[in-house]
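According to Swiss-Prot, the features are:
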type: TRANSMEM; residues: 14-34; note: transmembrane segment
type: TRANSMEM; residues: 44-64; note: transmembrane segment
type: TRANSMEM; residues: 79-99; note: transmembrane segment
type: TRANSMEM; residues: 138-158; note: transmembrane segment
type: TRANSMEM; residues: 175-195; note: transmembrane segment
type: TRANSMEM; residues: 214-234; note: transmembrane segment
type: TRANSMEM; residues: 295-315; note: transmembrane segment
type: TRANSMEM; residues: 327-347; note: transmembrane segment
type: TRANSMEM; residues: 353-373; note: transmembrane segment
Amino acid sequence: MTPLLRFLNRTSLVTQIVIGLLAGIALALLAPAIARDLAFLGKVFVSALKAVAPVLVFILVMASVANHRHGQETHIRPILWLYLLGTFAAAVVAVVASMLFPSHLALSTSEASLSAPGGITEVLQNLLLSAVDNPVNALLNANFIGVLTWAIGLGVALRHAGETTRTVVEDLSTGVTLIVRVVIRFAPLGIFGLVSSTLAQSGLDALLGYLHLLAVLIGCMLFVALVMNPLIVFWKIRRNPYPLTLLCLRESGITAFFTRSSAANIPVNLALSERLGLHEDTYSVSIPLGATINMAGAAITITVLTLAAVHTLGIQVDLPTAVLLSVVAAVCACGASGVAGGSLLLIPLACSLFGIPSEIAMQVVAVGFIIGVLQDSAETALNSSTDVLFTAAACQAKEQRNG
């Protein structure tokens, strides 16, 4: 065995990711030209994750449902309640922070052509259409609502199949999981490429003009990750929540921060759930579902940026209206999940509830894209790490009750 292989076997994946992160920063500062050329490493890694995620979810969920025995329990309902509670709590935190530290934007015109939803009804219609999408189309376009619908439907149908068929489905699930593990082993190289190229191309100059807005956004996300989420987990498991919280942030949040896609981070969360010894019938459904509907980070982004526009335009808004807006916007945000920067497209919808015209709302979206290097990364890290955190909390709480 070569010294390199021995080193890789001895050090944990997280340590290797941190080394890749530091090496990426160093390369971007010392040799920006080389760093820009290494962007393909990050692109290959993210593409591999995105390629494997829909297949993984489809096979895992189908196998889980098909092999579910009558009398076995899944804990999806309490996890769904945790997702909703976490998103609502994040929205409230964002509203309070925006009221205490109002941000003002230097709004400029945006040349980007974005297709934002026209209203809440349209978003809900799109979600329903996603659920009844062609299964091949859903897999090709990583439409996770459609993938979940077909996986659950086929899983239920295969419950009545012979034992041999169900064994084949289970073996397929094991095979896909093995491929995912191989992809995840390349995370340090992928993150090295992502960090070095992003810093070399954007630099930090683009962020300096929006430091206050970024401070409010990142501050809210840190508060939710380190205070609100642990409080919710403590209420659920009745013991110190921080070991589990920090583990999820370290193992899931770091990779999500750099891939900037909840969908791409699904394989990482599934692998972490397996290592934590969680209930497979539960996490194989709740993790991909969380990547679609658990949008605490999106709730913060939509609320803070919308209220920044509100403050800039001098519109008066009372607290209940602001909370209601952020909850409605966060619920709608699931329509743009799994896409890097997806939550920004919901800002025009949120702004319309305050009577802010689309032209100005699109300028706010442009501001969002300028700070997106940090905003979208932090948002995805919060969203994705919360998926596995709440799944683990619900499973552990159930185990404690069962003794």
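Don't overthink the numbers, they just go from 1 along the chain as shown.
Heads up, the Cβ atoms here are built off N, Cα and C, so glycines get one too.
Same-chain neighbours of the transmembrane segment (138-158): 50, 53-55, 57-66, 68, 127, 130-132, 165-166, 169, 263, 285, 288-289, 291-292, 337-338, counting only residues six or more beyond its ends whose CB sits under 8 Å from a CB of the stretch. Count of Cβ pairs under 8 Å against the transmembrane segment (214-234): among 14-34, 44-64, 79-99, 295-315, the largest is for 79-99. Remote same-chain residues near the transmembrane segment (295-315) are listed as 86-91, 93-95, 97-99, 102-105, 107, 213, 216-217, 220-221, 224, 229, 322, 325-327, 329-330, 333-334, 336-337, 342-344, 346-347, 350-351, 354-356, 360-361, 364, 367-368, 375, 378-383, 386 (criterion: CB distance under 8 Å, separation of at least six residues from the stretch ends).
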